[in-house]
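Below: one structure, written as structure tokens.
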Amino acid sequence: MARFVDQNFQVDVYEPSLEIQKVANIAELDDDGKSSRKGNVWTASAHIITAIIGSGVLSLAWGVAQLGWIAGVTTLVVFSGITLYTSNLLTDCYRSSITRKRNYTYMEVVKNNLGGRMYMACGMVQYANLCGMIIGYTITASISMAAITKSDCYHKRGHEAPCRVSHNPYMIALGIFEIFLSQIPNFHKLSMLSVVAAILSFGYSSIGVGLAFTKVISGQGKRTTLSGVEVGISLSAAEKTWRMFRALGDIAFAYTYSQILIEIQDTLKVIPPENQVMKKANFMAVSATTAFYMMCGCLGYAAFGNNAPGNLLTGFGFYEPFWLVDLANCFIVVHLVGAYQVFSQPIFSAVESWASKKWSNSKFITKEYLINVGIVKKHKLRINLLRMIWRTLFVIMATILAMVMPFFNDILALLGAIGYWPLTVYFPIQMYIAKGKIGKWSWRWLVLQVINLVCFLVALAAACGSIQGLNKALNTYKPFEVKE
């Protein structure tokens, strides 16, 4: 270890060596030779909730409004069950059934169970979906930050005031903050951030539910119907069909987290077995999520009826109390900051692992710098040049794309439609069939294929709805437009 001392700070250059590895305490290493994992059912649940419950939960009232009480509630329950079932199937694939070797990523699981071609297809879909989520979160977080400014403006100047706000400064500010957070080395160091984000997701969801409930019990609830938004002068049958497709997809995609499930499972302790703990975490997280989805979707629809806004808090379904709406939007921003990191870590890990294997002797890629800043020397900051430069460039690029394409949420809906079926349903089911050697045309095989087909049709319908919405957005697209 080389040491460079300055008056203000001290830098230790750390290079792992065989000698250090030989004298390492075996008790602190797991069966794969890596540092002992510390995760448990609570941290795994927090990671899942952070990934699932995005601010999209506040758009579920719009989704239920398009489908109506019967189809809306049924869709929420059915896709909750499908997600829990297929996630548990995927959980059992974390370790090889023969060698008990770990699979560290979703792609490794697919490669070892379904072969190279599926591995490549999975990689393209998974990472396109993850990148899309990150850009979408940048846009959504900026909308919530801008909503705080607009809420204060409406409170001071009246609800009809022309409060125009540019989202770009908020996107830039978020990008700068995410550059610093992106230096967190890996998933194992994200536990506290995920716990905070999960708590805040319940916070803003509860505020949305509470405001909707208050509106309903005060007698201000709007008219609702069993079949949802009605066809009439302002809504054609074709437009209602497109909306139903998008709503169906939005609800189905709202439960997805399969693309990061294996990475979350890789943070768990060896004992008790990871798959058992992960199944408990799946159940806890999906159950909590479903309860909140039902409350947000149903109470939001009861409050606003068939005119439910796309977002209860940023679509200004509520103007007062303005401070509570502001607080909820603050919670959304902090939650999305954490979700951004949860979805970006698999991308960071994939690129850095590939680089370290290809250029294993490069000090630029492998060398770690331990920095002690100031007087306190107990907490060391670990810096790697590749990690610092490449992650910074990634965040900058994501921020620029978010600024250039403010309609990216329509693209995100399309990416979600394309990624939902293979990542959440198809690959887990096919791996379960291959691993369990389930025979064709057996009753279990038939049930699995029915689930497969239903989810494929939902994804196809949602993709069609997303393309129609994207076409409408492109017709009115103006780069760097100031929103009102």
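Each Cβ is built from the backbone N, Cα and C atoms, and glycine gets one as well.
Those TrEMBL annotations? Automatic predictions, nothing curated.
Computed from a predicted structure; not experimentally measured.
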Scan 68-91, 236-259 against TrEMBL and say which stretch is down as transmembrane segment.
68-91
Does the transmembrane segment (190-213) come close to the transmembrane segment (41-62), meaning at least 3 CB pairs under 8 Å for residues 6 or more apart?
yes
Please figure out which one of 68-91, 190-213, 283-302, 388-405 racks up the most CB pairs under 8 Å against the transmembrane segment (322-343).
190-213
